[in-house]
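One structure is given here, and the rest of the page talks about it.
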């Protein structure tokens, strides 16, 4: 089976790369934007 | 002497190139007027906002190595580059996001500062500074080689002249405006580059038929091209070693630490890594597919290249129409200059702060600024001179420095940030041992037996760290708490 012209296993590597690069953005959105947690410097 | 494809001078390409150089020099002069003290020159006066920081990271990341070298790698081994290199880089950006709060709170300016801070030994600064200078110099050479090969192929100006023209321009604007010039040129260059790759991919998608047709036709050229391990060519241990080496470079590149210091607060430091991670992971995925499209186009047109690094330049000179070609050449110039100026800027701050200031602690601000600028010129000119006749291929140099940086710094420095009782001498010893063994075994045979060099470097660093901590840990140690000021 192919997804956008490439085998499923290759598509998974592409997907993992995008998810891997987006972990910071996901964490930032959930923790700091949605839950409103302040940053360490907000608590020569 | 490097042999590059020679073509007739294309006036449109040459014109675009000259116009571009004038623009970045203009930004350099403007940056000079905005640089009042050494902290402006080094770290933007620690006032960089989220937009500049994000695009500065993106522009620095996407270099001639990644545009030309990565497309060349796809031309040879298909999409497997995603599996063993790009995945590691992208997860590395997210990894740095999770520790950046800690790094920014320490308020260090450079990676050697960070090492000195977590070990309590200032002598760690010149030691780690020397490792970083070796890395930056190697990086400058391979960037210049990539840049000059490409521009020579496209404009027709001979390589030995082009390498000096490009070298002189980026030395000049980096010396003038420091990080102020570098950051603003990065913003322009980052946007231009991402835009141009999207336009080129759109053109190639239209040319080949559809987005999924690119990969389908790529597989038709060779089934292994769309296999994650290039049909088993890459073993699990080779992929793991490569992923860890590239993952580690994100944490240990001097410019990434300097940029974190330049951000105005922890919030900005976190945003710039979170946003750049998303943009870069999508960008690289599309760039790799563009590599597939390049291979398909050259194959269908009967164009073959002996040197894989020439695949993308040939696509520009012999395949796409001039309008698309002008856009690509501007993008590639951007990719090259924005990465090179960042590394060059890093040599200035490393020399002045981590070496000169260590030996001359009373040096005044004007003196440090002068040393930064002189170092920038010296490293820039010597790297340009070596690039005229380089010692190895681009990808060889790229992999070598990944092994060096990761072996030396990844485990000792980042473990010490969190393990505050870790003995400082053990950390300094582990950095030194990791650098020597990682680099040594990689240069001799790429490793020992079946064990890749990066595992040897990391393993030795870990053993020295733990044994050293156990032996020294019995005695009282100086200021080893990373959070103390």
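Note that Cβ sites are derived from N, Cα and C of the backbone, with glycine treated the same way.
The annotation transmembrane segment is assigned in TrEMBL to B:52-75 (among others). Long-range contacts of the transmembrane segment (B:52-75) within its own chain (CB-CB distance under 8 A, at least 6 residues past either end) are made by residues 44, 81, 86, 89, 142-143, 146-147, 149-150, 182-184, 186-187, 189-191, 193-194, 197, 225, 255-256, 259, 262-263, 268-269, 271-273, 275-276, 279-280, 283-284, 287-288, 290-292, 294-295, 298, 305, 307-313, 331-332, 334-336, 338-340, 342, 394-395, 398.
For the transmembrane segment (B:81-100), same-chain residues at least 6 beyond its ends with a Cβ under 8 Å from one of its own Cβ atoms are 61, 70, 73-74, 228-229, 234, 238-239, 242-251, 256, 260, 266, 269-270, 273-274, 276-277, 280-281, 284-285, 288, 291, 414, 417. The transmembrane segment annotation in TrEMBL covers B:81-100 (among others).
With a cut-off of 8 Å between Cβ atoms, the residues of this chain six or more beyond the transmembrane segment (B:132-155) that come close are 2, 4-7, 9-10, 13-14, 17, 63-65, 68-69, 111-112, 162-163, 166-167, 253-254, 309-310, 312-314, 316-317, 325, 329, 332-333, 336-337, 339-340, 343-344, 346-347, 350-351, 354-355, 379-380, 382-384, 386-387, 390-391, 394, 397-398, 400-401, 404-405. Under the heading transmembrane segment, TrEMBL lists B:132-155 (among others).
Here the transmembrane segment (B:161-184) has Cβ contacts under 8 Å with residues 21, 24-25, 27-32, 34-35, 40-44, 48, 52-53, 56, 144-145, 147-148, 151-152, 155, 258, 262, 336-338, 340-342, 344-345, 348, 372-373, 376-377, 380-381, 383-384, 387-388 of the same chain, all six or more residues outside its ends. Here TrEMBL flags B:161-184 (among others) as transmembrane segment.
If you look up TrEMBL, you'll see B:191-214 (among others) marked as transmembrane segment. Listed by sequence, the residues of this chain that lie at least six past the ends of the transmembrane segment (B:191-214) yet keep a Cβ under 8 A from its Cβ atoms are 55, 58-59, 62, 67, 279, 283, 286-287, 289-290, 292-294, 296-297, 320, 324, 327-328, 330-332, 334-335, 338.
Marked as transmembrane segment by TrEMBL: B:234-252 (among others). When Cβ-Cβ distances below 8 Å are used as the criterion, the transmembrane segment (B:234-252) is approached by residues 80, 83-85, 87-89, 91-93, 95-96, 99, 111, 399, 401-403, 405-406, 408-410, 413-414, 447, 450, 452-455, 458 of the same chain, each at least six residues removed from its ends.
Annotation comment: TrEMBL describes B:273-299 (among others) as transmembrane segment. Long-range contacts of the transmembrane segment (B:273-299) within its own chain (CB-CB distance under 8 A, at least 6 residues past either end) are made by residues 50, 54, 57-58, 61-62, 66-67, 70-71, 73-75, 78-79, 81-82, 86, 89-90, 93-94, 96-97, 100, 194, 197-198, 200-201, 204-205, 207-208, 211, 214-215, 217-218, 221, 225-226, 305, 311-312, 314-315, 319.
Taken from TrEMBL, the feature transmembrane segment covers B:319-337 (among others).
Within its own chain, the transmembrane segment (B:371-388) has Cβ neighbours under 8 Å at 1-2, 38, 41-42, 133, 136-137, 140-141, 144-145, 148, 159-160, 163-164, 167-168, 170-171, 174-175, 178, 344-345, 347-352, 356, 363, counting only residues six or more beyond its boundaries. Marked as transmembrane segment by TrEMBL: B:371-388 (among others).
Residues or ranges marked as transmembrane segment by TrEMBL: B:400-419 (among others).
Listed by sequence, the residues of this chain that lie at least six past the ends of the transmembrane segment (B:426-448) yet keep a Cβ under 8 A from its Cβ atoms are 115, 118-119, 121, 123-124, 127-128, 131, 241, 400, 403-404, 406-409, 411-413, 416, 454-458, 460-462, 464-469, 471-473. Under the heading transmembrane segment, TrEMBL lists B:426-448 (among others).
Per TrEMBL, transmembrane segment is recorded for B:454-473 (among others).
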